[in-house]
Amino acid sequence: MGLNGFDDRLAQERRARLQAERLLALRSEELYSANRKLAEHAHALSHKVITQREENATLRGQQEQASVALDLATDRAALAERRLWDALTTAENGFAIFDADCRLVIANPAWLVPFDGLADVAPGASYESILRLCAEEGIVDLQGDAPEDWVDTMLARWECTPTPQTDIKLFNGTFVRLNDKRSPQGDTVCLAVDITHSVRREQQLREARDAALAASRAKSAFLANMSHEIRTPMNGVLSMAELLRDSGLTEDQMLFADTIRNSGEALLVIINDILDYSKIEAGKLVLHREAFDLPGMIHEIFRLLRPSVQGRDLRLSLDYDLFLPDRMIGDPGRVRQILTNLIGNAVKFTPKGDVLVRVVGDPPPPEGETPARIPLRIVVEDTGIGIAPEMQCHIFGEFNQVEDQANRRHDGTGLGLAITHRLVRLMGGEIWLDSTPGKGSSFGFRLELETDPATPFEPVPPLPQGFGRVLMVGEAGDAGHALQSLLLRLQADVQSCSDPTAPGDLSDVGAFVFLTPPDKPDAVLAQMQDAGLRGPVLGLATDKAPAVPGGMTPLSSSTSLAELRVALMRPAAAPPSGDTAATDKGAQRRLRLLAAEDNKTNQLVFRSMLKSLDIDLTLVEDGAALVAAYHNAVPDLIFTDISMPGMDGTEAAGRIRAFEQENGLGPVPIVAMTAHAMAGDRDRILACGIDDYMTKPLKKDELFTRIATHAPADLNPVPRVPA
């Protein structure tokens with residue numbers, strides 16, 4: 001081999017060595033890089049393993065804690081379940097659960113007691129099968145229902161959402177209330193509550209209430225009967241005393257008769273006060289809501305008190321607000337009682353002077369608006385003895401008198417103002433007193449009453465311009481003063497006249513009002529018309545002169561403002577000629593008066609009081625006889641007692657009214673005569689179809705006034721002419 005070949009070989013080997021060195025360096029770098037990456041991966045993996053080990057250790061700790069908590073919760077749940085079941089087991093009320101298929105899942109012993117260990121009532125039993133078992137085995141008292149109907153009713157109950165509760169009675173008299181509730185999953189939880197004690201307690205309370213109501217009714221009946229039984233003989237005594245006074249007594253005998261009458265009337269007032277006060281104390285006083293005529297009521301009270309005013313220089317008058325309606329809605333019986341007490345006290349303690357009743361209030365709303373409650377302020381003013389300041393603070397207390405015990409001149413229970421005070425408070429009002437000794441007193445009270453929607457308020461307009469003078473003839477008693485007050489409200493030019501024929505020309509006179517009838521009415525009327533009178537002639541019916549002569553328009557103390565204006569605007573009536581009057585008087589039949597009264601003494605009183613009137617009187621003893629007499633011959637006027645054996649007066653009046661309505665007959669006026677004088681009796685009686693009301697004992701002048709008021713105008717009775 002040559003040198004060149006050796007060099008070439010050496011160069012090749014060098015190149016190969018360099019190539020191998022480069023490859024070795026490359027592989028070394030790759031190996032280093034791989035070792036470095038492997039080391040990094042090993043480090044990361046080692047860190048991950050360490051982290052995982054830590055997490056596993058934490059997880060194992062948590063698992064151990066969860067296991068402990070689960071064991072604790074399981075123990076607690078088992079304890080709670082055991083306690084709940086123990087509670088349900090020992091509970092008095094029944095508890096059961098039915099699944100979504102209405103099959104029994106579980107029930108406590110109380111729920112299973114009625115079944116007395118029946119094997120059919122066990123977990124898995126259907127609700128329907130248990131119901132049928134209850135019905136067929138008599139476990140439940142079906143209260144008269146058919147078993148199938150009862151089962152259907154109970155099944156239908158579970159179809160309702162929510163399930164209504166129901167009460168059942170078991171065979172042993174136990175009452176159970178079933179309260180069932182369905183869950184969203186369809187299970188039904190049933191609770192059976194023993195309500196036997198509550199039912200029996202409720203029954204006892206119901207029986208006690210019924211007994212109390214029965215006792216209350218018995219007490220009310222006893223009070224009413226006692227009142228009637230006391231009043232009946234007392235009314236006989238008073239009525240006989242009234243008749244005795246008209247029998248030509250000597251002065252001493254008249255004093256004795258007056259003493260009997262006054263003492264009896266005082267006793268009746270005491271009875272009224274005691275009965276009303278006992279009713280209020282027992283909380284048994286019930287207010288009735290009815291329509292009534294307020295000014296008419298006040299005028300009627302004036303009329304009832306007139307006997308107490310006779311012989312005294314004392315005037316009773318009413319000042320009624322022109323813008324107030326007459327018709328109000330409230331308890332007329334109690335309003336009447338309040339006014340009677342206050343006006344009666346004013347009359348009692350006013351020897352002479354004036355007693356004025358003033359009624360003011362807000363005007364009602366315009367027509368078409370809702371009826372308003374009108375605030376009224378009613379004041380009774382007098383010019384009497386007055387009340388000392390030290391007495392005013394307790395004047396409304398029970399059994400208190402205005403006067404000192406040592407100087408008493410007036411009788412009374414001391415209950416009147418106490419009853420009045422309580423009645424006003426009961427009606428939502430207030431009462432007050434303003435008094436000066438020696439100058440008089442003012443008792444006032446406030447009430448809110450509704451207007452009567454059946455009679456819309458229309459203010460009574462004054463008399464038209466140029467109406468002319470209104471001449472009043474006669475002595476102006478209480479009724480005359482009340483009538484004069486109404487005329488002034490109509491803006492009339494009122495003048496007194498002693499002789500209706502004396503003034504000469506009467507063409508400027510709008511109306512004549514006779515307060516007392518003239519001696520020769522036909523002649524007087526003819527002379528007045530000859531003197532130019534073109535207006536109406538009005539006559540006031542009074543106790544002494546209940547009959548108004550023909551040709552005159554009758555007025556009474558209870559005539560309203562509207563009625564008075566209508567009477568004043570009527571054309572004048574032509575006076576009957578002498579021949580015509582004689583012919584009419586001869587042809588005019590007598591008034592037919594039918595009366596019912598069961599008490600013999602009262603019958604005698606009634607006949608005796610009417611013997612001076614030229615009437616046909618039929619007197620029967622009870623309501624049935626009254627109805628029969630009515631059918632036999634329809635009367636012009638009926639008077640009836642209320643409390644009579646068999647059919648009473650209210651029932652008889654109802655039958656007469658029904659017959660009139662069925663046969664298209666006009667109503668015959670019916671006047672009640674009764675000893676029922678407790679507040680509220682009047683309105684209860686008038687509600688039965690009766691037109692008017694008289695409280696016993698009967699008084700002759702009041703009886704004549706009622707006859708004059710209700711008798712047909714062409715049959716107004718006149719006193720008999722002695723043969």
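A Cβ is built for glycine as well, from the same backbone N, Cα and C atoms used for every other residue.
In TrEMBL this protein carries:
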type    : residues : note
DOMAIN  : 225-451  : domain 'Histidine kinase'
DOMAIN  : 592-711  : domain 'Response regulatory'
MOD_RES : ASP641   : 4-aspartylphosphate
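Note on the residue listed as '4-aspartylphosphate': other Cβ atoms within 10 Å of its Cβ, all shown chains, come to 26. Sorting the domain 'Response regulatory' (592-711) by DSSP state (H, G, I as helix; E, B as strand; all else coil) yields 52 helix, 26 strand, 42 coil. Looking just at the domain 'Histidine kinase' (225-451), the mean pLDDT is 79.
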